[in-house]
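Take a look at the following structure, please.
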C-alpha cells in the first residue's frame, strides 16, 4: 500500500471529525472529509489541518460535498446518518438511515469499488448489510464497528470492578450491536485469568458481573441519556481506528466486528458481531468460539433481533 493511503470519511459530524483528528495524529493517511452540508467538512478540514501543523504532520485533509473526491480511496469509514436521541433505540433510526446508506453505497460502488469499508452508522448490523448489498463490494471488504466498542466498555467496567489497569483486561462481546448483545464473561480475562475463576477466588461475584454485563449492553444509551443532544463519539471513533490500522498495516489483529457470516455460528447471509482477523485483504478469517448452550441461546436471540430488523427493510 502507498506511503499515504487515501482514507475517506463519509459524514463530518462528531464521529467523522474525531476520526479525522485521530487519523491525522497517527499519520495513517491523507483524508477526504465528506458531508452533504455545505461548509461543514470544509471548515472542519481547515481547522484540523491547522491542528496537525502544530503536531508537525504533513497529512493532507480535504473537506468536500462532492462524492467524486472519494475516488480511488483505500479505505472508507461511514458515519453518515441520524444520531440517537434520548429515548431512542438504535433501531428507531432504521428507515431514515437506510435511505442515506443506499446513497452512500451507490457512490462507493461508483468511485471506490476497491476500498475497505467500515460502517459505524446505526442500527449497525442493518446498515452494514445495506452497504454490502447495495455496493456490490466483496463481503471481506465490508465490516461494521461493533464489538471493539462494546468490548472497550466491558473492559472499562471490569477494570473498575477488579481495580486493575485496563491494559490487563481482555473481554469478548458477541452478537448484534444492540440491547441483545452478548458480553461473554467466560471468554473475558484479567491478565489471562478468566472472570469465572476470579469470581471463585472471591475477587468479585456473579451478581456484580451481571450488573456490569447489563451496563455494557446499555453503554451507548447511558451516554445518550447524559448528553441529551447526541450520542457517543470518542470511543466509537477510537474503535474504528483500531480496525482501520489493522487493515492498513496488515497487523492481522483479532477484533470483534460485525462480519458477514456464511454458515459460521449457524448463521447465513447476516452481519453479526463475531471475532475476525483483519489484515491487508480485509477480513482474513472468522474465529468460531465454542459456546455453551446458554451462551448459544443468547447469541441466537441476538441474531433473531438482527433478522427481524433486516426484514423491515426488504
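The backbone N, Cα and C atoms fix where each Cβ goes, glycine too.
Feature table excerpt (Swiss-Prot):
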BINDING   11, 12, 13, 14, 15, 16, 35, 97, 120, 121, 122  NAD(+) binding site
BINDING   84, 90, 122, 153  substrate binding site
ACT_SITE  177  active site, proton acceptor
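Thinking about packing and proximity, how do these listed features fit into the structure?
According to its DSSP assignment, residue 11 (NAD(+) binding site) is coil. Residue 11 (NAD(+) binding site): 25 other CB atoms within 10 A of its CB, across all protein chains.
Within 10 Å of the C-beta of residue 177 (active site, proton acceptor) there are 30 other C-beta atoms, taking all protein chains into account.
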Need this for a regression test: recorded positions 84, 153, 177, filtered to those with Cα within 10 Å of residue 15 (NAD(+) binding site). What's left?
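Qualifying among 84, 153, 177: none.
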Looking at NAD(+) and its recorded binding residues 11, 12, 13, 14, 15, 16, 35, 97, 120, 121, 122, figure out the farthest C-alpha pair and report it in angstrom, whole number.
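The two farthest binding residues have Cα atoms 17 Å apart.
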Give the number of CB atoms, excluding that of residue 13 (NAD(+) binding site) itself, located within 10 Å of its CB.
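Result for residue 13 (NAD(+) binding site): 20 neighbouring Cβ atoms inside 10 Å.
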Could you measure between residue 153 (substrate binding site) and residue 177 (active site, proton acceptor) for me? Cα positions, answer in whole angstrom.
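Rounded to a whole number, the Cα-Cα distance is 13 Å.
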Roughly how many Å separate the Cα of residue 177 (active site, proton acceptor) from that of residue 122 (NAD(+) binding site), to the nearest whole number?
9
